[in-house]
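Asks: Below you'll find the structure I mean.
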Amino acid sequence: IFAIEGTQTGSTSSFEHEMSQEGFSASITSNGPLLGSVGSFDWAGGAFLYTSKDKVTFINTTRVDSDMNDAYLGYASAVILRNRVQSLVLGAPRYQHIGLVVMFRENFGTWEPHTSIKGSQIGSYFGASLCSVDMDADGNTNLILIGAPHYYEKTRGGQVSVCPLPRGRARWQCEALLHGDQGHPWGRFGAALTVLGDVNGDKLTDVAIGAPGEQENQGAVYIFYGASIASLSASHSQRIIGAHFSPGLQYFGQSLSGGKDLTMDGLMDLAVGAQGHLLLLRAQPVLRLEATMEFSPKKVARSVFACQEQVLKNKDAGEVRVCLRVRKNTKDRLREGDIQSTVTYDLALDPGRSRIRAFFDETKNNTRRRTQVFGLMQKCETLKLILPDCVDDSVSPIILRLNYTLVGEPLRSFGNLRPVLAMDAQRFFTAMFPFEKNCGNDSICQDDLSITMSAMGLDTLVVGGPQDFNMSVTLRNDGEDSYGTRVTVYYPSGLSYRKDSASQNPLTKKPWFVKPAESSSSSEGHGALKSTTWNINHPIFPANSEVTFNVTFDVDSHASFGNKLLLKAIVASENNMSRTHKTKFQLELPVKYAIYMIVTSDESSIRYLNFTASEMTSKVIQHQYQFNNLGQRSLPVSVVFWIPVQINNVTVWDHPQVIFSQNLSSACHTEQKSPPHSNFRDQLERTPVLNCSVAVCKRIQCDLPSFNTQEIFNVTLKGNLSFDWYIKTSHGHLLLVSSTEILFNDSAFALLPGQESYVRSKTETKVEPYEVHNPVPLIVGSSIGGLVLLALITAGLYKAASAVNNAEMVKIKARDLHDKKKEELLKQLDDLKVELSQLPVAKVTGSAASKLSNPKSSLLLTRLKKKTSGNSTRARSTSPWACDPRRLEPCVTRSPNTRRS
């Protein structure tokens, strides 16, 4: 009883070579064939090497290595030859589920493991395919390709590791990975590997890699060109899909074999295995195209392109000779005379430019197309070039570009084999036609540049005011043509470049071409600066020219420049002339900072006071002001108050006090000011205003070290106002006025235009005398009048109440009379019933009958019945003679058919 794979126990025996599956892989060595034996020793695996003396050698890592259980060593094999020393490589794709590749070397007749490489992903089957590659065909192996066809990624499946052979005692490791196209996670890329040989003629070995699981198991084969002696190109040059040959083909690329010429054309062929099919793919001859373009003359003459005005010229610029040659890149047995190809090529002058500077005389356009059949020979043609207009850009040469396509013609003698253009062939060619320079006999241009700047009439920059700052830059060239002229302006970080505008070129009647090239930050001087560079009329700033352009900057309202703005300009060119004092300029501009402060008279101020002629006592007066810093800067300020305290040597405002609403650090000092006018009576008669123009005032100045942004505080002027000073005028009152003002350092700060009145304010109190009147007569008269009015109101109310009571009594009497009449009628009815009850029932005779037949008796009985039932039927009666109990007169009931008596 033998253990089955994965079920080994201590009580069962182990296989040795009974389930070896010898021949699972095969390689040819110099000693003989090497056959893989994946099932040997419980599928640890190994390989059998058959020598020429019929000696069989079993090669494996060790018979007692438990880590190799189920490793499948020998699943793939390859042979390495280096300096005539042979090594063997075996793959074990199930080693610890990640895979292993082992290199064996012979040591005194025994093959021993020399080095190894492990896989990285569980289940990737690393080592399932191997391929040794001699990149330069010198007989020495340069690298080993190791396939991991089940390596999984989200968008593609399988990969191949490129592992150059180690040199000396260096560690063997893989340096690159090859992948197939995206979109095939089950593609099994790397399931088969083979060497093709040099199929593109670059003298480097190329390889083919199979991916049989791509496109729902239809399969594909990838071709990778050699890149160097120890590497392959990272991207494939060709992808061959199985569906191209037959829609029903399955697992195309499951096995590969290449590097042999089976068609006898001198080119390597490739055999590709699929399910139930074998396909032989032929290599094609590879062609390359070479092109040369030469101009005559070598440069465009200045007399051709230079002009003073923009006029149509259409001058001959010269000629260009274009030569094409097709060359075969591969070595084969094909006759060179049989190889032909159709070449379509396009010529374009100044491709990509919106404004062309030259065109072909043949087509009157800057493009030209032609198709020719080429063998392996050269063909040439000469084309004439025309310049249509004056050239603005005479620095960059005219570019002539050639694009082409090549289609090989089929070779009938070789089964319609068709040549192809090399995948890495150059697809376009360019040539340059430069312009002659205006640099004198020495051909060295020496410019003479100078630069100046101005603030365009602005004498002071106010930061926080207008949001832009305009500057003018003037540049002159007093020498020869200046190439690649550029101006760089350095400015503080508080400025930001916005736009520019240039003056007009007197020759072209158009504005000079001034274009900002770049902006950056740099360190210049004491702090960080910004810089902007402008290209001046690129590519040439002509000799003896002057250009002026205006630059607009945005000014950051929070910026801080100190007390002056410093700007620096430098001009340079590609002429590589040395810098002089004229190529630099520095502009200094005084700077002030905009502030926005407001002082207002508060509503809590006392606006009115009055007094009598006999009352000469003082009253408390209070004027309050509110100060607000609405700007974006803190600054030291002084607040000044003017208070009238005396007129005509009589005290007006006694003991004035200045009270701040907050604990502000302030230092106040007081001085007394005399009025400018001595004739105060005439002044007050004209204008009843008592202020510092007519009265002696106290000037109180309080210095605040810092008035912070968005800070608000109140100041109260308080004191005692006496009335001895009051002077009568025709106006009947006087206005007592105090005022205040905010002072600041006007050399560092500035108010915006129109805001001067916001830092001043005043408060007025109207002072007015009045007469005292005796209130006793008014009180007595009012009291008597009130009593009389009260009596009249009382009498009227009494009469109204009596009328209401009388009406109620009338209603009560009427109700009593109605009830009395009702009782009398009921009594008469009862008497009549008693009288009738005494008569015999059988017959009625005598007076009783006469009574019953008496119409009056009958009428009385009818009335009584109606009287008794009237209360219940009255509401439903519609007769015009119905009795209404609400009436005071007696009811009389009559029939409509009875004549009224």
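Each Cβ is built from the backbone N, Cα and C atoms, and glycine gets one as well.
A TrEMBL annotation is a machine prediction, not a hand-curated record.
Annotated compositional bias 'Polar residues' per TrEMBL: 870-880, in sequence order. TrEMBL lists 283-438 with the feature domain 'Integrin alpha first immunoglubulin-like'. Feature annotation from TrEMBL assigns domain 'Integrin alpha second immunoglobulin-like' to 439-591. Among the features that TrEMBL reports, domain 'Integrin alpha-X-like third Ig-like' is placed at 592-771. The region 'Disordered' annotation in TrEMBL covers 864-901. The repeat 'FG-GAP' annotation in TrEMBL covers 8-59, 112-172, 175-233, 238-298.
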Asks: May I have the DSSP-based helix, strand and coil counts for the residues of the repeat 'FG-GAP' (175-233)?
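Replies: DSSP composition of the repeat 'FG-GAP' (175-233): 4 helix, 27 strand, 28 coil.
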Asks: Could you give me the DSSP helix, strand and coil counts for the repeat 'FG-GAP' (112-172)?
Replies: 0 helix, 31 strand, 30 coil
Asks: Restricting attention to the domain 'Integrin alpha first immunoglubulin-like' (283-438), give the mean pLDDT.
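Replies: Taking every residue of the domain 'Integrin alpha first immunoglubulin-like' (283-438) together, the mean pLDDT is 89.
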Asks: Based on DSSP, tally up the residues of the repeat 'FG-GAP' (8-59) by helix, strand and coil.
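Replies: Helix, strand, coil within the repeat 'FG-GAP' (8-59): 4 helix, 23 strand, 25 coil.
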